[in-house]
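Straight from TrEMBL, the features:
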| type | residues | note |
| --- | --- | --- |
| TRANSMEM | 21-43 | transmembrane segment |
| TRANSMEM | 63-81 | transmembrane segment |
| TRANSMEM | 101-121 | transmembrane segment |
| TRANSMEM | 157-181 | transmembrane segment |
| TRANSMEM | 212-232 | transmembrane segment |
| TRANSMEM | 244-266 | transmembrane segment |
Amino acid sequence: MEDSDLTNMTKLYVDYSEVRPLFYLSFFNLCLGFCWLTGTILYQLLLRKQDVACYNLQTVGQLLYVASFFYTVNFVWHLYIDLKGKMYSMSPWATEYAYRVGRIGTILSSLLPLVLVMPVLSVGNLNECYSSCSQRHRCLLLHTGVPNPKNSTCMSVYFYGRGVFLSTFLITLTAITALLLKACAMYKKYSCSTSVRDQQWAVISVAKQRMVLYPVAFFICWAPAAVLSTSLMIKPEEHNGFNFIMYFLQAFTAVSQGLLNCFAFGRTQQMLSYRKKVMCCDEATQTLLSRQQKKFYASIQPPTIWTDSATSTGL
């Protein structure tokens with residue numbers, strides 16, 4: 001009785017833990033969208049200290065997208081554990097340990113961005129590194145300008161911010177790619193060595209699709225911004241055609257991860273419900289056919305029992 005209660009509690013906890021990382025990721029993506037909207041409002045206004053407001057808004061935006069990177073890794077980790085749990089029967093204790101690691105990842109995803117971005121906020125305001133935000137169009141999110149080269153401290157803060165973005169992007173991309181490759185290898189091995197029910201296989205295949213869609217959405221949204229930051233670090237000159245193209249692309253993609261995640265979530269839920277419906281229809285059709293076949297075979301079988309009884313009576 002205690003084992004069954006523990007199993008049921010673990011299943012409820014797992015279901016809740018699968019939704020919670022996606023909620024955190026969606027929340028930070030929503031905050032990133034509001035930050036972008038605030039930048040567009042500041043672009044329309046004429047403030048007395050607009051450069052200060054733009055600089056701090058960009059720093060808050062940097063905090064939010066670094067947090068979004070870490071929460072993406074945390075969410076993909078939970079997707080991997082979910083897929084592994086559907087393929088192999090994990091014990092309640094192993095499942096609880098895996099999601100405890102996920103909880104630690106959730107806490108670190110909130111603390112690490114603060115630690116990494118705080119120098120940009122504090123040192124930049126102390127040294128008044130606002131020259132890169134002196135123009136109105138630089139209030140837009142991720143539309144960072146180049147500071148005055150004569151101020152070594154501000155240049156150091158500038159390159160530090162770009163380095164934080166690129167390093168966290170590469171770490172996130174490496175982590176989710178490793179989890180994706182591991183999940184694909186596990187899925188291939190499982191499909192070749194195990195025979196499962198059709199309904200269970202539908203759930204597993206949809207879970208595998210989730211493992212693919214969310215990392216692809218992350219790469220589509222943040223690749224232009226990463227390319228732009230790399231270009232600005234190598235050659236910090238804004239006024240060239242390639243950078244303008246990257247600015248244009250990242251203006252659409254950098255705040256679209258939440259939208260693409262919604263599409264991925266809705267798509268996988270639709271696939272799961274459709275496949276379950278198809279499986280139920282197939283099972284109902286097979287049940288009806290088997291009943292009709294039984295009736296048909298019963299109708300064409302000779303009355304062996306009646307013949308045997310009549311023969312024995314005649315004898």
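Every residue gets a Cβ built from N, Cα and C, even glycine.
Automatic, uncurated: that is what TrEMBL annotation is.
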Recorded stretch that, among 21-43, 101-121, 157-181, 212-232, 244-266, has the most CB pairs under 8 Å to the transmembrane segment (63-81): 101-121
Leading stretch by Cβ pairs under 8 Å, where the reference is the transmembrane segment (21-43) and the options are 101-121, 157-181, 244-266: 244-266
Highest-contact recorded stretch vs the transmembrane segment (157-181), from 101-121, 212-232, 244-266, CB pairs under 8 Å: 212-232
Long-range environment of the transmembrane segment (101-121) - Cβ separation under 8 angstroms, sequence gap at least 6: 17, 20-21, 24, 56, 59, 62-64, 66-67, 70-71, 73-74, 77-78, 81, 157, 160-161, 164, 168
